[in-house]
Amino acid sequence: MHPEASEPPVDSAAEPSLEESAGDHGDAGPGVRKEEINETKETCVGPCTTSCQSQQQPSGDNGSDGLFTHSRDDRDDRGPRMTKQFLQKLCKQHKLYVTPALNDTLYLHFKGFDRIENLEEYTGLRCLWLECNGIQRIENLQAQSELRCLFLQVNLLHKIENLEPLQKLDALNLSNNYIKTIENLSCLPVLNTLQMAHNRLETVADIEHLRECLQLCVLDLSHNSLSDPEILSVLETMPCLRVLNLMGNPVTKHIPNYRRTVTVRLKHLTYLDDRPVFPKDRACAEAWARGGYAAEKEERHQWESREHKKITDSLEALAMIKRRAEERKKARDRGETPLPESEKSIPTSPEAQEKPPKGETQQKMESFVKESFEAKDELFPEKPGEGEELSVVVGNRAVEDADLSGNLAHTQTPVVVTPEEVTSPVEATDGARTEDTEAIALETKEKLFIDDLPDLEDVDGTDVSVEDQTKDTGIRKIQAISSLSDDSDLELEELPLSVFEGTPISPTGALSHIFAVSKDPSEAARVPFADICMPTATTDLETQSQDPSTASSHPLIQELGEDELTEGESNQPLPPQSCASDPTLAQSSEGGDSQLPAATPLGDGAENEAQSSLYPEEPSTRIGLEDIEFGLD
């Protein structure tokens, strides 16, 4: 009915669309938005005005309350905080101590903190990393009195302040901040390194405070806005300045001959910008300051000539050392004793002999060479009798041991073994025994040392010590076996030492005859006891015909059981026995069997004669004894 009354709802319904359209267009400013809102307010007429105002008032109050609470939440939760729980969790993550005071390093970089707080319990910190955060102020570091390094680069700092508690601070990094003036650093008595790169420093007044930093050695002012060349007047008053970086500042272009000028004015500078200041560079810069480019060129030439001479002298000294070493080697080869270095004249090349020595340089070279040889002699002393070593002759070889042979010369006789004894291996009729003999002969060609000789318990039949050769006092046991009887047993016969008095003792020991080999390849060597029994048989026949009553009742070979043998050896030794004729052997010998002679008792003369005829044929018995011994094993 009334169109005016119907229009406000339409306009009010269209109001959000207007606001949305204004919000969608980013170019539309707040003035446009306010005009649209005012237009919509003007459209509210009649009875709807009060209703609209009543609706807008509570909505405005709610909006202000919501904005206040939202700003308060932003202030409280706008980023991570350095809470105690967070710090403990961080220490656990980095495998640090859970007890705060025990930690000396704390890594708080790249965490997004906007302020420094809750570090009161971390009193033992020596290094604190706070780089790459949003910190706007240096504060709350009163408990860190032991701090040495503080890293605050890449933050939002505008001022240097609150560093008085850090009396032991050595390195401070404030790069990539918004600091315009260097200040409040004189309270740090041991500050050694200050990094102020990428800040807002511009004038000499901004760095004037550096005059009070007496212990500062490393200063980085790169990539600032310093343009006044008078900054050098401030820098040259710093007594300990060694490293300076001014790269990225306009002042490097405003100072003529920048590097030479800075090097000359800063007397103790050792590193400028991106490279060191060498002594040669400083000397050339000072020469340039005195006489320009010509003086600099002359000074550079002198330095180059000195460096070249130094290299040449070192090469000559090395050549002299090599030459003297060759002379000493030749003198040793000729058998001459080389003179000590102090008595020697300086052997040089013909060119050096023609030229006189060059004073101090030559003396330095000589002293260097002498010191080199003295050091070599101390490390590797030469023995005067290095090539003269006493040796113990074994066949055609020598057992070389200088130290032992000198001590053994007074206590024992030298071990001398004839080549026949060394090369007399065990031989046999079969081919396998010959191969073993050749192998043994090859093994004996190796050098033998006294330390390699076995102990007395390890002596074989072929390896006998000196005591076995010189001392042979025990009662020998002779094992006699008939080689023609298949069922012959081991016989043990003990003879006194007086029986063997006339027999020469083999130098290889009492048991060496067991392993000795006969050199006669005839058939007689294959029957061990045939040659022994032949002379004894003839002597038996003669003695029987002369004195038949002297025949002994004891057999030639006495058979002993194992029990009797052990009892006899344990209780008392068997008495000496004389040979008697065996009936079986006698009958076989009378029947014309020359291989089985009979034995008869021998008198003193017959005994000596039999013994003298017995031992020349020992090699034939040794084979049989060896075979029986191996057979018993």
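Glycine residues also receive a Cβ, built from the backbone N, Cα and C atoms like all the rest.
Record note: of SER227, SER488, SER620, Swiss-Prot gives the feature phosphoserine to SER488, with no matching annotation on the rest. Of THR50, THR423, THR462, THR539, the one with phosphothreonine in Swiss-Prot is THR462, while the others lack that note in the record, though it may still apply to them. Within the list SER64, SER225, SER465, SER588, the entry that Swiss-Prot describes as phosphoserine is SER465. Swiss-Prot gives the label phosphoserine to one of SER349, SER424, namely SER349.
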